[in-house]
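Asks: Below you will find the structure I want to go over with you.
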Amino acid sequence: MRGGTVIFGTLAILAALLPVMRSNFIPLEAAFQEGYALHFNGYSCLMLNDTTVAEPEAKAADVRSILKTDEASSPNLAIQIEVDIDPPPHQPNDPSDAELEKLGLPTHHVHYSTGTAEAHGSRQLSSLPQGSQSPIRPSKLDDDEDPSHSFIEPPRVLPSISGARNPPNLTRPKSKLLPPPTKADQGDVEEYKDKVYEIDAFCNLECGVEGECFMTRNEKNIIKKRCLCPHGKYGEKCALDRYISSPRFSGHSYLALPTLTNAYSDLQLSMEFRPASGEGILLLTGESADMTGDYLALIIRDGHIELRLDCGTGPGIVRTRDQVHLHQWNRLTIFRHDWGVWLQLNEGGLFSRITFAQPVLLGGTGSFRNTGHFLDTNLGFRGCIRRLEINNKIYNFEPSERQGDTLFGMDTDECPEDSCSSIPCQNNGVCVSADSGSDENLDLVGAFEVGVSGILAAMTQQDQEYDDFNQPLLGVCQCPLGFSGEYCEKPVEVKIPSFNGTSHLTYFGLADSSPLWNDFEVVLRSEAEDGLILYNGNNNDGSGDFLALFLSRGFVEFAFDNGDGVALVRSEYPITLHQWHTIRVSRTGRLAFLSVDGQNVQSQMSPGAFNELTANQNMYLGGVPTFRLVSPYIPIRKGLKGCIQKLSINHTPRDLLRGAIAGTNVDPCSHPCSPPPNQQSPCGIHGTCRPNLEDFSCECPLGWVGINCAKKMDLTGITALIPRFRGNSFLHLNREELAKNVLGNTNSINIRLKVTSANGLILWTGGDTFTPASDYLMLGILDGYLHYRFNLGNGEGVLIFNETRINDGRWHRIRATRAEQTASLNVDNGHVITGASPGKLRQLNGNGQVYIGGMEDLEHLPLSEFRHGLMGCIADITIGRLFDIKMMEDSSDGRNVENCLEEF
């Protein structure tokens, strides 16, 4: 074939069928009934008058006269068709040229134009540009060429259908044809003109025995041809062998692994993948190739991972809340047992047994059909896959003939070297390529030892796409919590996290739990003027709602977007490096407040009208895995360099380490509560060291007392029933029977105690969140006077017994009651005072838990005047119908509680 192009019209069918007609010739004249003649074009028949002469010569002449008559009286609408045909080589049994001419069939190269035929010899041809027009005119029937007539020459030889392994696919580029000309295209002319469409008819690359020629059209509308080579092959004619350990998929690729066995009810699967697109099929297997039986599929859709499976009772879908990180290695883990399915993507469905009979396909659909119907997608995966493990089998992606596990595949090649293969990350550390957009990997001074860090320090920002994978990418080990070092080889115990600019801790995000308001408190010490402190967004591409807390040139800044634009509030003064600071941020709707170390509160209102903020992605502290997921409105593109000792969200303290779902490159901070490995904690082996800026305090568990929690209490005898509170103590009662006597329409509380402090919390019960608007009931001391306060949802009821102070170190008895909205308070059987709460609500709601003498974090108590622990003793307590509460024995938690009758 010459030129690779052909001009298509209604005679394109003849061009494809003529070789078959010539090689399997049957005289067509015998097939025509009386009164019909074969058109000279070789494929049409014409009805003649009954008086027409039956000889072929007369028929042909009569047909030509009919055509001339038709041309003379043709209407304005006309169609011009041009097709060139080269007849195949003559076979011994083929008809002679004279016989072909009698039938109106060509005997040599013929150019068909406007219903007539031209026979051409050797000549110089010119081509029309794509979309050009030529006026309609009859073509000559002799061999002389009209020099004024230009046309496109089609392929000189049509491929033999019988001899080709795969018939040429003429339908693939059909969608790229230009639309037919409209009347607007023609202009105001009386005579219609045709348009010539030129396309690449065939993919003519030699791709070997098992390869396939494939055509694509790029953004400039230029057709590119390439070979889809079998798995493990590449090069010209797919003749060269390729070693594949981590296959890369182009979107047209697939790879087949053996059918799963013994996986009908239990499945454990893990893999690492580096996607170049947010759409595509990762894995597909099932019972039948047409998807009508059981199946299991892993799909990337809109950046989320979907597990789709049907075990015979209908399809089910499990979808990750988080999105994948493009151009970064992601880790996916799947567990399935009987009716339960669990997915974990990176850090962050009810079904029965399933039958597998088809191979496991990676990266595409392969031989599976109807995937568009059952999976809602046919798109193949673009990117790389490595470390696939299914039911404790680690797969080797080499072809089976080279002792690998791959049965067959198409268009896969080796994932370009990203240095991860040469970096032996230990202890479940993950090697991450420092590729496009990973700005956090560009500033690693102090993060790693000499070696990898020296290379990365000289890096400049890269912005490469998937097609640029041929250039090697640098990589580093991201170490999980508890390990550190260049290769995650050093075990570390982290009490207070330290961040090096590439570190981060991951928590579940806010989602839509508090769309109208947020409250944050962070205590940190920074070594650099710039760094991301906290980020939570709605999408992993930086778009949509978000909130961010960061340092910029030493100032603390809080930015958020509710959907109508970004608002930013900045601290009054910059912080002092290498010192501890307390940052408080509050957002209510569009209004945000920021304060640092008690400085003047700064505020800012966001634009627009939206008040709610939704953040469905994970929340990150100290940095992020990749700055691709950070809003472009945040000017900082590096993580925090420093330590964070406290994080509180919506008045609830977070356990920085145990509350994290994952962490990377987090080291221990230099602080008394975080001693070197060869030194003991200042609170001993039993106590918990609680940092307080640069200082600390020890929290002793129940049963242990003393400065460093080294002395065990004697819990035998009656003295063990009288707890002593030291201002940093509390007891936590959490019993179902207790909740029944706390919640509802009535309360009755009796307490015998002696107090030495002027301020302190005696008793508190409420909900899981500490807000002024939530239900609560409390007893406390303020300036020596007893306070009884409660809120049923419509406002606070306040009762103050001001006849006497109770902080005199003597024993007193307190009685507090409530009947719906009305309450009473009495001290030492004296005068009874009463009060009531506003509104119409009459029932106390909450979690039914009771704190005595204090609580875990008093700073988040909604009543700021009672954020002090009690100093004194409580001998006995009665709540409702529970008359014999053993505070020490019945407590589920507590700290720093001593025996009231012993001195320390």
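Including glycine, each Cβ sits where the backbone N, Cα and C put it.
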Asks: For Cys900, what is the disulfide-bonded cysteine listed in TrEMBL, choosing from Cys709, Cys873?
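Replies: According to the record, the bonded cysteine is Cys873.
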Asks: For the domain 'EGF-like' (674-710), find every same-chain residue at least 6 residues outside the stretch whose CB is under 8 Å from a CB in it, and list them.
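Replies: Contacts of the domain 'EGF-like' (674-710) (Cβ under 8 Å, skipping residues fewer than 6 from its ends): 492-496, 523, 580, 582, 645-646, 668, 728, 888, 891, 893-899, 904.
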Asks: Across all chains shown, how many C-beta atoms besides its own are within 10 angstroms of the C-beta of Cys873 (disulfide bond)?
Replies: 21
Asks: How does the domain 'EGF-like' (674-710) divide up by DSSP, counting helix, then strand, then coil residues?
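Replies: Helix (H, G, I), strand (E, B), coil: 0 helix, 14 strand, 23 coil.
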Asks: Fewest other Cβ atoms within 10 Å: which of the disulfide-bonded residues Cys700, Cys900 wins that one? Let me know.
Replies: Cys900
Asks: Looking only at Cβ atoms, how many others are within 10 Å of the one on Cys709 (disulfide bond)?
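Replies: Result for Cys709 (disulfide bond): 23 neighbouring Cβ atoms inside 10 Å.
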Asks: Do you know offhand how many angstrom separate Cys873 (disulfide bond) and Cys709 (disulfide bond) by C-alpha?
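Replies: A Cα-Cα distance of 19 Å.
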